[in-house]
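Asker: Can you keep this structure in mind? I'll have questions shortly.
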Amino acid sequence: MTNPVIIALDFPNWQKTDQFLQQFPKDEALFVKIGMELFYQEGPQLIKTLKARDYRIFLDLKLYDIPNTVQSAMTVIGQLGVDYTTIHAAGGQTMLQAGAAGLKAGAKQANVKPAKLLAITQLTSTNEAQMQQEQLVSVSLPESVAHYAQLAQQSDCDGVICSAQEITTIKSKTATDFLCVTPGIRPATSQNNDQKRAVTPLEAAQMHSNGIVVGRPITQASDPYQAYQAIKSEWESFK
């Protein structure tokens, strides 16, 4: 699963999460994303439970604090043995490097493979007008994203979370193997909801995304497994 379809488990508790997962074959090698709500409700035991099912895990907590605090928190995350985790690029180079160091230290302590550290650039719910007016950023949205991506690469991160439209620019300014993981994925028949820079699975593949994160089009589907298979098929159709 080099370029995965990652299911965002945006549920309030383990009971609802497990009810959803029971709709998938037990041998389906899922890659799932755990966000703040579910992790804060269930804690690290949730990660252990999912790993026992041989799921790959993206722990999306978007750390953003002073460098020492981020390093300590990332050490704990590193011990969990997750596959991906996130940090805010806006925290700056010292914070990003501290997070990367903590993640590797925690993995070493637990004798597990270090997670890929992905930096948040601009949220896919943010448009250019909002960014310029509310963040007082004078450059364009693509320029801001590219700047954060370069900063992340220079600060020991493995990649970024970004909209698919930004991938070409990011890879041209970083490296072809710098990971670009794409949220805001919506099949053509789906509503965009609060994702303002959404694309289809095929479009993301054509733009060379290294992985897509899909939530409601799967979790709120009448048949989640069928919806997952359809999205996965579309995603993998572009070679």
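Backbone N, Cα and C define each Cβ position, glycine as well.
Straight from Swiss-Prot, here's the annotation block:
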{"type": "BINDING", "residues": "Asp10, Lys33, 60-69, Thr124, Arg186, Gln195, 215-216", "note": "substrate binding site"}
{"type": "ACT_SITE", "residues": "Lys62", "note": "active site, proton donor"}
Asker: Check each residue in the chain of Lys62 (active site, proton donor) that is at least six apart in sequence and keep those whose C-beta is under 8 Å from its C-beta; list them in sequence order.
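Answerer: Within the chain, Lys62 (active site, proton donor) has Cβ neighbours under 8 Å at Met36, Thr86, Ile87, His88, Ile120.
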Asker: Near the Cβ of Pro67 (substrate binding site), how many other Cβ atoms are there if near means within 10 Å?
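Answerer: Other Cβ atoms found within 10 Å: 18.
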Asker: I'd like the number of other C-beta atoms within 10 A of the C-beta of Asp10 (substrate binding site), please.
Answerer: 18
Asker: Need the DSSP three-state call for Thr124 (substrate binding site) to compare against my parser.
Answerer: coil
Asker: State which of the following binding-site residues has the fewest other Cβ atoms within 10 Å around its Cβ: Tyr64, Thr124.
Answerer: Tyr64
